[in-house]
Amino acid sequence: MAKLSVNINKIATLRNSRGGNIPNLLKVASDIENFGGQGITIHPRPDERHIKYQDARDLKHTITTEFNIEGNPVPKFIELVMETKPTQVTLVPDAVDAITSNAGWDTIKHSDFLKEVISDFKNKGIRTSIFVDPVAKMIEGAAKTGTDRIELYTESFAKNFNQNKEKAIQPYTDSAILANQLGLGINAGHDLNLDNIHYFKNNIPHLLEVSIGHALICESLYLGLDNVVNMYLHKLK
Ligand SMILES: CC(=O)[C@@H](O)[C@H](O)COP(=O)(O)O
Ligand SMILES: NCC(=O)COP(=O)(O)O
């Protein structure tokens, strides 16, 4: 069974829209865990437009499952991760002005940098994962950085799922087989949803964890958070 880590960025977006503390991010995170969620993911961005750096500090004291912090390892982010010591850090090469994550690492070009930050995080006892496209040479490059895991960037799978799911999944299946042969753990995320998750899970060998936020929160508007978390858990079995 792959673990479900719920990305709560969108809860922070909603809270920030009124400047108060409704919905309460810490309570939502605890509720998700009580509903069965096996992890909480946040992706603080430099402009703090949703998750604030202080949220990461506060969540550290309330999360009882796996805490995953995603982001571009700029100095301020590295400092935050070193201070909060989450279960896992997922490195994502976001541009500052990106609306959302839109590419995986070039693990060849940024090899030296990735090796250095990954080694620093691992020395602190933090599991590392790096966000990559499903491309063989990028997976091979990832293995050389010393990272524990990769997170497969699933945007293209999600985008093409309805037209041709066999074609959409193929690079991901191939990448998962290769990653496993190279000793990497496999996570995945971005635009996964209740329609595509079961097919994704069934076709990705050795899948350890998915992080899902945008669709999960949207689906919860109609179906309820408790219900939706459990629907994902069922589909991930
Ligand atoms: C790494 C990744 O795929 C992203 O999903 C990200 O965590 C979502 O970030 P936003 O909520 O800012 O779009
Ligand atoms: N790492 C992916 C993630 O946390 C959630 O992405 P999305 O479901 O919000 O697209």
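Glycine is treated like the rest: Cβ placed from N, Cα and C.
Fair warning: this is a prediction, and the values are worked out from it, not measured in the lab.
For Asn7, Arg18, Asp191, Gly213, His214, the entry in TrEMBL reads 3-amino-2-oxopropyl phosphate binding site. Residues or ranges marked as active site, proton acceptor in TrEMBL: His43, Glu70. The 1-deoxy-D-xylulose 5-phosphate binding site feature in TrEMBL is assigned to Arg45, His50, Thr100. Residues annotated as site 'Transition state stabilizer' in TrEMBL: Glu151. According to TrEMBL, the feature active site, proton donor maps to His190.
Taking the features listed in TrEMBL, we show where each one sits on the structure.
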{"residue": "Asn7", "record": "3-amino-2-oxopropyl phosphate binding site", "CB count, 10 Å": "25"}
{"residue": "Arg18", "record": "3-amino-2-oxopropyl phosphate binding site", "CB count, 10 Å": "8"}
{"residue": "Arg45", "record": "1-deoxy-D-xylulose 5-phosphate binding site", "CB count, 10 Å": "20"}
{"residue": "His50", "record": "1-deoxy-D-xylulose 5-phosphate binding site", "CB count, 10 Å": "23"}
{"residue": "Glu70", "record": "active site, proton acceptor", "CB count, 10 Å": "28"}
{"residue": "Thr100", "record": "1-deoxy-D-xylulose 5-phosphate binding site", "CB count, 10 Å": "13"}
{"residue": "Glu151", "record": "site 'Transition state stabilizer'", "CB count, 10 Å": "30"}
{"residue": "His190", "record": "active site, proton donor", "CB count, 10 Å": "25"}
{"residue": "Asp191", "record": "3-amino-2-oxopropyl phosphate binding site", "CB count, 10 Å": "18"}
{"residue": "Gly213", "record": "3-amino-2-oxopropyl phosphate binding site", "CB count, 10 Å": "24"}
Among Arg18, His43, Glu70, Thr100, Glu151, His190, the recorded positions whose C-beta sits under 6 Å from ligand 1: His43, Glu70, Thr100, His190
Proximal residue to Asp191 (3-amino-2-oxopropyl phosphate binding site) among recorded positions Arg45, Glu70, Thr100, Glu151 (C-alpha distance): Thr100
Residues among the binding-site residues Arg18, Arg45, His50, Thr100, Asp191 that border ligand 2 - Cβ under 6 angstroms, in sequence order: Asp191
His214 (3-amino-2-oxopropyl phosphate binding site), number of other Cβ atoms within 10 Å: 16
His43 (active site, proton acceptor), number of other Cβ atoms within 10 Å: 23
Cα-nearest neighbour of Glu151 (site 'Transition state stabilizer') within the listed recorded positions, Arg18, His50, His190, His214: His190
For Arg45 (1-deoxy-D-xylulose 5-phosphate binding site): DSSP state (helix, strand, coil): coil
Check: same-chain CB within 8 A of 1-deoxy-D-xylulose 5-phosphate site center, minus Arg45, His50, Thr100: Asn9, Thr13, His43, Arg49, Ile51, Ile99
Distance check against His43 (active site, proton acceptor) for the recorded positions Arg18, His190, His214, keeping those with Cα within 10 Å: none
Spatially closest candidate among Asn7, Glu70, His190, Gly213, the listed recorded positions, to Thr100 (1-deoxy-D-xylulose 5-phosphate binding site) (Cα to Cα): His190
Pairwise Cα distance maximum in Å, 1-deoxy-D-xylulose 5-phosphate-binding residues per record: Arg45, His50, Thr100: 12
Of the recorded positions listed as Glu70, His190, His214, the one whose CA lies nearest the CA of Arg45 (1-deoxy-D-xylulose 5-phosphate binding site): Glu70
Pairwise C-alpha maximum, in angstrom, for the residues (Asn7, Arg18, Asp191, Gly213, His214) that bind 3-amino-2-oxopropyl phosphate according to the record: 26
